[in-house]
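Asker: Quick one: the structure is below, questions incoming.
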Amino acid sequence: MAARIIDIATDRALALTEASARLGEGLPIAIPTETVYGLAADATNPAAVTRIYETKGRPRFNPLICHMADLAMAERHAIFDPVSRLLAEAFWPGPLTLVLPRRAESGIHDLATAGLDTVGVRVPRGFTSDLIAAFGRPLAAPSANTSGKVSPTSARHVAEDLGEKLSLIIDGGRAPVGVESTIVKVEGDRVRLLRPGGISAEAIERLTGRKVERQEGLSGAIEAPGMLASHYAPGAAVRLFAAAAEPGEALIRFAGQPVAGSEAAKAVFDLSPAGDLAEAAAHLFDYLKQADATGAARIAVAAIPDEGLGEAINDRLARAAAPRDT
Ligand code: TXA
Ligand code: MG
């Protein structure tokens with residue numbers, strides 16, 4: 001049976017009551033966040049969390065981000081150091097996840113944290129934080145896609161991938177940020193970037209006055225176990241830093257930069273003709289899907305600047321291009 005889709009622009013109150021009802025039954029539902037669509041379930045209910053993994057076809061249990069209605073709710077589940085609190089006050093609601101020690105009395109289930117004594121928490125913008133406030137419990141939510149696939153930035157993306165496996169998809173329009181949250185872990189004087197995302201490392205450095213420590217290459221896999229090297233993968237092969245497009249490839253470029261051979265490409269997508277990296281991030285996953293849908297055997301991607309949100313874009317592209325297990 002196909003999922004019911006409720007558009008919050010049409011009936012926000014209905015979306016809130018139906019979403020709360022399904023969550024109360026222990027069912028996972030698709031929710032809009034500012035980063036990507038999430039597959040959300042009650043983080044305190046082990047059966048509900050198990051259904052997230054089943055629905056995604058995730059091969060194993062990874063720690064999931066637990067979404068909170070606000071900072072006060074997050075403080076009931078996690079212990080904040082001063083730098084993490086500064087970050088939360090500056091960037092919440094928004095695309096920042098903080099990895100923090102979990103409070104002993106937090107009801108968040110071990111299946112949501114993969115048994116770690118830490119928990120990844122964030123407060124999303126908009127409908128989802130209202131839903132969490134109404135529901136009253138944190139929501140564990142990875143991106144609402146089959147494991148290993150490109151993350152969804154629209155309700156249609158979710159419906160095409162998981163529509164048959166879900167009872168409810170809440171449509172909040174196109175996800176404005178378009179890449180997942182930045183994951184940060186503060187350890188004493190160190191501010192560690194576990195995953196680049198919708199808040200730039202530079203913005204974190206300006207606020208904290210500290211240099212952000214990055215992971216080596218794609219070794220995020222070790223500290224953030226959900227970050228397997230091959231991830232965000234379209235069906236087509238992905239070729240990075242393309243100086244020229246080869247015949248039959250689909251081409252993704254940036255800022256109107258000329259790329260030799262583009263006339264022979266199957267299709268050309270410009271992430272942001274104006275050269276705006278925030279706009280490019282918002283388009284990234286949708287254009288990867290569209291490039292894939294052209295049937296091209298390979299997607300060539302021209303170089304994208306690595307500063308600001310470009311760091312998150314390049315991280316996701318590197319994962320899309322990484323050697324596949326299957
Ligand atoms: O923007 C986002 O963050 C989206 C939306 C839906 O909120 N969610 C998302 O969740 O990307 P997910 O499950 O795909 O990514 C969770 C990442 C994984 O890499 C996981 O390893 C890391 O967060 N993580 C979660 N809890 C952690 C913890 N306690 N310690 C280290 N890493 C953690
Ligand atoms: Mg994901």
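Including glycine, each Cβ sits where the backbone N, Cα and C put it.
Pulled these features from TrEMBL for this protein:
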- 13-199: domain 'YrdC-like' (DOMAIN)
- THR35, HIS67, ARG122, ALA141, SER181: L-threonine binding site (BINDING)
- ARG58, ASN62, THR118, SER143, SER151, ARG195, TYR232: ATP binding site (BINDING)
Asker: Once the chains shown are all counted, how many other Cβ atoms turn up within 10 Å of the Cβ of SER143 (ATP binding site)?
Answerer: 26
Asker: Do any residues at least six apart in sequence from SER181 (L-threonine binding site), in the same chain, have a Cβ closer than 8 Å to its Cβ, and if so which, in order?
Answerer: THR35, ILE65, PRO95, LEU96, THR97, ARG122, ARG195, GLY197, GLY198, ILE199
Asker: May I ask which of the binding-site residues ARG58, SER151, TYR232 have a CB within less than 6 Å of any atom of ligand 1, listed in sequence order?
Answerer: none
Asker: To test your reading of the L-threonine site: which residues beyond THR35, HIS67, ARG122, ALA141, SER181, same chain only, put their Cβ within 8 Å of the Cβ centroid of those residues?
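Answerer: Nearby residues not in the site list: THR33, GLY38, ILE65, PRO95, THR97, PRO124, GLU180.
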Asker: What span in Å does the L-threonine site cover, taken as the longest CA to CA distance among THR35, HIS67, ARG122, ALA141, SER181?
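Answerer: Max span of the L-threonine binding residues, Cα based, is 13 Å.
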Asker: Quick one: of THR35, ARG58, ARG122, ARG195, TYR232, which of the binding-site residues has the smallest count of other CB atoms within 10 A?
Answerer: ARG58
Asker: Please average pLDDT over the domain 'YrdC-like' (13-199) for the predicted structure.
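Answerer: Over the domain 'YrdC-like' (13-199), the predicted model scores a mean pLDDT of 96.
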Asker: Quick one: Cα separation, ALA141 (L-threonine binding site) versus ASN62 (ATP binding site), in Å?
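Answerer: Their Cα atoms are separated by 11 Å.
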